[in-house]
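Student: Feature annotation from TrEMBL assigns active site, proton donor/acceptor to D155. According to TrEMBL, the feature Mg(2+) binding site maps to N11, E391. Residues annotated as ATP binding site in TrEMBL: K18, H215, L216, G217, N218, G219, D289, M290, R291, G337, V338, G339, E340, N341. According to TrEMBL, the feature substrate binding site maps to R98. Per TrEMBL, site 'Transition state stabilizer' is recorded for H187, R248.
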Amino acid sequence: MTTASRVLVLNSGSSSVKYQLLDMAGPTRLAAGLVERIGEGTSRLVHEPLAGPAAGGGRRERTGAIGDHREALEAVAAELAADGTGLDSPELAAVGHRVVHGGTRFTEPTVIDDEVLAEIRSLIPLAPLHNPANVTGIEVARALRADVPQVAVFDTAFHATMPEHAARYAIDAATADRYAIRRYGFHGTSHAYVSRAAAKLLGRPVADVNVIVLHLGNGASASAVRGGVCVETSMGLTPLEGLVMGTRSGDLDPAVVFHLARVGGLSVDEIDSLLNKKSGLLGLCGDNDMREVLRRAGDGDESARLAFAAYVHRLKKYVGAYTAVLGRVDALVFTAGVGENAHQVRQAVVDGLAGLGLAVDPQANAVRSPEPRVVSPAGARVAVAVVPTDEELEIARQAYALVAR
Ligand code: ADP
């Protein structure tokens, strides 16, 4: 009898599902893909078999109406079946679900039963943009393979170790408790994976290494990790706090909100949308894609230059703050779309921070590679590294570890 070792990882958004099928015996990525524009008329499914019976078969793409998440998952199941890696296989050990908000209840990956699902649903007010789609994804996957364990892996979980003095906002304690207002942090799966991979890259035990991780994608967050334990992160109650992001403002004086309401006459929903969807790089210069910001800044565009400078300035402030929080930093690690690809951002963040032991070697920093790598000069006091993130692998690992006991 073979031991089931495949894990399907699902990342369900409001109108999209990203997925990967992994065989944890390798681990080997068997297939990856996404369904987008679900329920929006013309949906698109992109599927690529990467290993296993259909390896090398190439990317398949099809468009057509996919009305809801159930149809989307059925379409994914059909693609996987065509590859000979169908979800009805006894090889499927678990389905791992990315769940954005775990509140204070979920600090570990958790096998989903009715009670857990109800609890995830009850957290919707804390993550109204994300948890509803996560719940839907869980419901449809459970309906498809009721016999296979469904595991929730929470974006907030890695940050649950933050000390109270870092997790608390300095507001009235009773009010905070009543409304579950505290700093939760997000991108935890990425921060966990990258901080561990950085220790491996340095050839040192995780427990001995202090790391600052900068996860710079569309959303962006920083974390301070001491010996594998997260002690501080930049996102808070929601993913709005902290760094300048693609479309989010990050930190601002909360009184900006009162001012916009009282003086500008904006509603709460309008302010929410302004700060989450029309701010950050987009708000400052009209583009949220760092590639475009860099191109325009290179052409001398003033607003793009300002956006880049504001983005980098905020990062420097966090690097300085987290150096103080950790006391000793062994590595500053860049990850996600911007962190992995934009050497200009890495260079600009460490510029002028030689006093903190931070520098990059321009040649090493210019190298583009999918591999984890050190980009600081030989003998630097603090290693500066680029570690590509792999949230799907981390979710699969955590889910598999839970069910394969
Ligand atoms: P998400 O948060 O959506 O997972 P990613 O981690 O994929 O985001 O990062 C997406 C962002 O990465 C894009 O918006 C873009 O700004 C940036 N990016 C991707 N490639 C490059 C590149 N070569 N140079 C600069 N920025 C890049």
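Cβ coordinates come from backbone N, Cα and C, glycine included.
Just so you know, TrEMBL annotations never went through curation; they're auto-generated.
On this model, are these features tucked inside or out on the surface, and what's nearby?
Tutor: Taking a C-beta cut-off of under 8 angstroms and a sequence separation of 6 or more, D155 (active site, proton donor/acceptor) has the following same-chain neighbours: R98, V99, V100, H101, G102, F186, H187, G188, T189.
The Cβ neighbour count for E391 (Mg(2+) binding site), using a 10 Å radius and every protein chain shown, is 23.
Counting only residues at least six positions away in the same chain, the Cβ atoms of M245, G246, T247, N288, G337 sit under 8 Å from the Cβ of N218 (ATP binding site).
H187 (site 'Transition state stabilizer') has a Cβ environment of 29 other Cβ atoms inside 10 Å.
With a 10 A radius on its CB, R248 (site 'Transition state stabilizer') counts 26 other CB atoms from all the protein chains.
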Student: List those of the recorded positions D155, H187, L216 whose Cβ lies under 6 Å from any atom of ligand 1, in sequence order, or write none if there are none.
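Tutor: Once distances to ligand 1 are taken from each Cβ, none falls under 6 Å.
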Student: In terms of DSSP three-state secondary structure, what is the assignment for D289 (ATP binding site)?
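Tutor: Looking at the DSSP assignment, D289 (ATP binding site) belongs to neither helix nor strand, so coil.
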Student: Among D289, E340, all listed as binding-site residues, which has the most CB atoms within 10 Å of its CB?
Tutor: E340
Student: Just to verify a number: CA distance, L216 (ATP binding site) to R248 (site 'Transition state stabilizer'), in angstrom, no decimals.
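Tutor: A Cα-Cα distance of 12 Å.
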Student: If I restrict to non-local contacts, at least six residues apart, and a C-beta distance under 8 angstroms, what lies near V338 (ATP binding site) in its own chain?
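Tutor: Correct list: L216, G217, A220, M290, V345.
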Student: Express the distance between the Cα positions of R291 (ATP binding site) and N11 (Mg(2+) binding site) as a whole number of Å.
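Tutor: Cα-Cα distance, R291 (ATP binding site) to N11 (Mg(2+) binding site): 25 Å.
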Student: Measure from the Cβ of L216 (ATP binding site) and count the other Cβ atoms within 10 Å, all protein chains considered.
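Tutor: Its Cβ has 28 other Cβ atoms within 10 Å.
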